[in-house]
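So the structure is just underneath, and the comments pick up after that.
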Amino acid sequence: MKRSGGTDAEKRRAGERAAAAVSDGDVVGLGTGSTAAAAIRALGRRVDSGLDARAIPTSHQSRALAREAGIPLLTLEEATPDLAIDGADRIAIPDRDGSPVLIKGGGAAHTREKLVDSAAERFLVVADSTKLTDCLDSPVPVEVLPDAVPVVERRLSALGGDPTLRAAERKDGPVVTDNGNLVIDCAFGPVDDPDSLAADIAALPGVLDHGLFVGLADVVYVGTDDGVDVYRSGD
Ligand SMILES: O=C[C@H](O)[C@H](O)[C@H](O)COP(=O)(O)O
């Protein structure tokens, strides 16, 4: 799946704002991707200055970055995250009450991200301004057991989708996730009922999880040219 690109400055502003929301004693779920990386680096600077925070990573990437930044690490067996900070590929902010809907998984990390983000008491999303959209129409990443690919592709087509097995960019063959599985990017056109699509995909045998995050995000920090726009669930 092609990664989108907002500016590094927007990502840094969003990441720093989310890292500033971490309090002494917090356990933080660390998302994956370039904007979560900005938050991890900002959190590392706060830990270096004396903040007592520990973290649960969602990928090899976020584990390595957290180690490099000097953030002590835990597992889900040892603690429940007080908050999680994670990026998104697409974000739809509802007009009325309700939680922002996200599409995640551009880096194939959405299964562990959903596990950690949903376990956290608060889920803070960090993004650059290119991620906001009125229409959720980008493909939904679906992590699938390797043996299940043909069956899941047929069933995704039956749900009205157009599935494509994600190819690796720097190796021959498909992308293999941190969990040893494959990813199907499934285009559905505009997703009008994300709740029901999320339930339909999750129910398919062989699917580990998909990148539609519905009813999970509490706050979205969007970096802009000169600051950070904040959207709260239910505002
Ligand atoms: O699988 C990857 C994750 O869901 C990322 O959080 C998402 O792709 C956003 O990444 P970035 O901040 O690099 O755009």
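In case you wondered, yes, glycine gets a Cβ from its N, Cα and C as well.
The number of other Cβ atoms within 10 Å of the Cβ belonging to GLU113 (active site, proton acceptor), over all protein chains shown, comes to 31. DSSP assigns GLU113 (active site, proton acceptor) to a helix. The active site, proton acceptor annotation in TrEMBL covers GLU113.
Cβ neighbour count for LYS104 (substrate binding site): 28 (other Cβ atoms within 10 Å of its Cβ, all protein chains included). LYS104 (substrate binding site) falls within neither a helix nor a strand when secondary structure is assigned with DSSP, and so counts as coil. Feature annotation from TrEMBL assigns substrate binding site to THR32, GLY33, SER34, THR35, ASP86, GLY87, ALA88, ASP89, LYS104, GLY105, GLY106, GLY107, LYS131.
For 1-20, the entry in TrEMBL reads region 'Disordered'.
Site extent for substrate: among the recorded binding residues THR32, GLY33, SER34, THR35, ASP86, GLY87, ALA88, ASP89, LYS104, GLY105, GLY106, GLY107, LYS131, the largest C-alpha separation is 15 Å. With a CB cut-off of under 6 A applied against ligand 1, the binding-site residues THR32, SER34, LYS104, GLY106, LYS131 are reduced to THR32, SER34, LYS104, GLY106. Annotated pair LYS104 (substrate binding site) and GLU113 (active site, proton acceptor), C-alpha to C-alpha distance, rounded: 9 Å. All protein chains shown were included, and the count of other CB atoms within 10 Å of the CB of GLY106 (substrate binding site) stands at 25. Those residues of the chain, other than THR32, GLY33, SER34, THR35, ASP86, GLY87, ALA88, ASP89, LYS104, GLY105, GLY106, GLY107, LYS131, with a C-beta within 8 angstroms of the mean position of the substrate site C-beta atoms are GLY31, ALA36, ALA109, GLU113, ALA127. Of the binding-site residues THR32, SER34, THR32 has the largest number of other Cβ atoms within 10 Å of its own Cβ.
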